[in-house]
Amino acid sequence: MSTTKALSLLVFILFVSLVHSSDQCPINSIYQFGDSISDTGNLIRNGPASSPTPKPLPQREHNVFVNFGVSGSTALNSSFFSERNLHVPATNTPLSMQLAWFKGHLRSTCHGSSSDCLKHSLFMVGEIGGNDYNYGFFQGKPMEEIRSYIPHVVGAITAAAREVIRAGAVNVVVPGNFPVGCFPIYLTSFPVKDTKDYDDNGCLTHLNEFAMDHNNQLQEAIASLRKEFPDVAIVYGDYYNAFQYVLRSERFDKSVALKSCCGTGGAYNYDGKRPYGAVGVPVCQNPHKFISWDGVHLTQKAYRFMSKFLNNQILSQIKCTRA
C-alpha cells in the first residue's frame, strides 16, 4: 500500500473537484482499491525484493490519499483461477488482500470510532475486475466460459463495497468496466475479418457487449446495496460512457483514436511482444493527440476528459456530512 499525493490522475482530478466544493461538501480523504488504473508504485513495492505486506506510510494531517491498488490485480482470489487452469502472477493482490491492508491501516491510524474517522472520506472500489477477464481472454478460454465469471467478479466487488460500508464509509464509488473493444491491446489481439463485427468507431462489438454485460450486472448489484444501506451514497462510476465521451470528443486526433501513443507496428501501433518500455519501442512525442497511452492505459489528457464526464455525476450523489 502506498500513501501518495497523486493516485491515478482520474482520481486526483476528482479529489481537486471535491476540495473546490468543500464549503458545500467537505471530503478530506480518498481510499482507492483497484488495479493498474490506479497503481502508482504498489506493484514494485510489493514485489519479490519487498515485504509481501507493505506497511502504511505516515498520513498527512489533512487531505489523505491512500492507495491499495496493485497493477495486475483481480477482484477474485487467485484460487478461482487455479481451479480453472488459469495462471495469474504471484504478485496478484486481489480485493480480499487489499481490504486486509485497509483494515490494518484503519487500526493503526484511527484512534476513535471508524465511523467518525471515515465520515468525510470517499471510497473508490475499483475500477477492478478487468484482469479477471483478461486472464481468461489471453489464455484462450472461450467467451461463454469467461462470461460465467461475471457474477463471481461482481459478487467480489460488491462484497468489498459492503465491507467498507460496515467499517463506516458513507460515500462509495463503484466504477464499471471500460469499452475494452476500443483498446489497442484487444483490437490487435482479437482481430476479426467481418467489418460487421466492428461498430461505427471501429471498436470490437462483441467485447464491448461483454463489458456492458459486466456493467449491467454490477449496476443491479449496486441497486441491491443501496436498499441494504439506504443512508450510504453508493455511486456507479460510469467509466464505459465516460470513455465513449472521450472517443467522441473533437479534442483528439480521430486518425489515431484507436492507436497506442507509445508502441510500434500494426494497425493500432501495438505489439504485445514489444510493449511500451521494451528496447526499441519509441516514446510518444505528441500524447495530446492520443487517447491510448500504451495500448492498455490512457493518456493524461484522456483521463482528464473522462473526469469531466464523471465529476458532475459523482459530486451530485455523494453524501455531505459537516459534523
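Glycine too: its Cβ is placed from the backbone N, Cα and C atoms.
According to Swiss-Prot, the feature active site, nucleophile maps to Ser36, an assignment based on similarity to another entry.
Under the heading active site, Swiss-Prot lists Asp294 (among others), citing similarity to another entry as support. DSSP gives Asp294 (active site) a coil state; it is part of no helix or strand.
Summarising the annotation, Swiss-Prot assigns active site to His297 (among others) and lists similarity to another entry as the type of evidence. Summarising the environment of His297 (active site), the number of other Cβ atoms within 10 Å of its Cβ, over all protein chains shown, is 19.
A sphere of 10 angstroms centred on the C-beta of Asn77 (N-linked glycosylation site) encloses 15 other C-beta atoms. Annotation comment: Swiss-Prot describes Asn77 as N-linked glycosylation site, evidence class sequence analysis.
Taken from Swiss-Prot, the feature signal peptide covers 1-21.
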CB contacts for Asp294 (active site) [other CB atoms within 10 A, all chains]: 20
